[in-house]
Amino acid sequence: MELLNKKILVVGLARTGVAVARFLAARGARVTVTDMKDEAALAPLMEQLADLDIDYELGRHERHSFLMADLVVVSPGVPMDIKPLLLAKAQRRTVISEIELAARFLTAPLVAITGTNGKTTTTTLTGEIFAACGFKTFVGGNIGNPLIELVTSGEAVDRVVVELSSFQLEGIIDFRPQVAVLLNITEDHLDRYATYQEYIDAKLRIFENQTSADYAVLNMDDPLVAAYAGKMKARVVPTSQRQELAQGIFYRNGSIVYRWEGREELFATASFRLKGVHNIDNIMAALASTLLMGCDAGQALAALEAFAGLPHRMEFVREVNGVAWYEDSKGTNVGSVVKSLESFDSGITLIAGGKDKGGEYTPLAGLVKERVGHLILIGEAKERMCNALGSLTDTHLADTLEDAVALAHRLTSPGGVVLFSPACSSFDMFKNYEERGECFKSLVRSLDDGAGR
């Protein structure tokens, strides 16, 4: 792909925009960056590009900038349906995501992972297994480093593993992973998509350019994912916790069984540090991806036994007076919370709520009624959540996370579990889910072991 002297517009600065602008400028492109934020807000990011000849259009998006560009590269946080982008597409301007741009310069085999929940854990674990098997591996995309940074560095790697959001997949054209993974699909980001089907269609684009030489790893326990299995051009590698498979990867009697083209490997899960029923799905997807791409089963098992998981995902904080406290701030949608609740049989005090993302809370109803003894709701969404779930168990509304933790401490009996799994984003009360999770853990760590109930 020739970039020298091409007029290229980068839409949205942030970390990815900086990485894209630096790469393009280094290749001799004539780069303009446009962002709706003003110079004062973007000054720290612009400082990172101060040594480069880049034009800026800030606080606005000018129509002519989009129409005059040879190529438009869109950062993940920018909706693809803003008017200037729609206009550019209508005028046959090439509009792509950073992932599409980077992939055009990659030569190493690529594993791409998407889904509503579990992406980051699966992506990280896949990278860990490849590394344990001796492959020099880049892990990035929607987590960590933008993929374009690998291309910029010129570093030679053996394997590339990327987490992809629906937003990144909206901007692909030729992107083709050798292994594409779809973990699950549940309602999410309905504050950005007009319909649920639009969100589903964006996720499915990960398979769009695959051929029969590639692999599509699909969670067949998810009805929505399974419904699209017959439409794949790639070879389908099914995963399941519920059924034994003639070919694929499945869970049976405390072990994960990988069975593919005459090869069979067994992985006893008792030695895994990563716990939770939902993590079996993530582990199976990571194993399938790596074993298909040349990994040794023994080395893969060693990586699994060493991997403890990631912060803010069903993270055990501490036990206080016989009550176990878990922080799951990354549980930002209903599907994620369902999986977290399924990890415990009963005696749960659930703290949930935050910024409403527009989905339905009723899929939680059965588990709340069956397993949740106390429901404590916070944030912007608490009233709507209360309307959907409040009649099913003992329900309380709290003004702050601090109040919710104190209330959970008083209400939960020894032997019970307090689970903070919001089913909402954090932006009504916190900067991001990480800050929210750290706040929760700090509050739990400050609880008095000897406090009365």
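Keep in mind that glycine also has a Cβ here, set from the backbone N, Cα and C atoms.
Cβ neighbours within 10 Å of THR116 (ATP binding site), excluding its own Cβ and spanning all shown chains: 24. If you look up Swiss-Prot, you'll see GLY115, THR116, ASN117, GLY118, LYS119, THR120, THR121 marked as ATP binding site, on the strength of sequence analysis.
Listed in chain order, the residues near the ATP site other than GLY115, THR116, ASN117, GLY118, LYS119, THR120, THR121 are ILE113, THR122, LEU183, ASN184, ASN282, SER336, each with its Cβ within 8 Å of the site Cβ centroid. DSSP gives THR121 (ATP binding site) a helix state.
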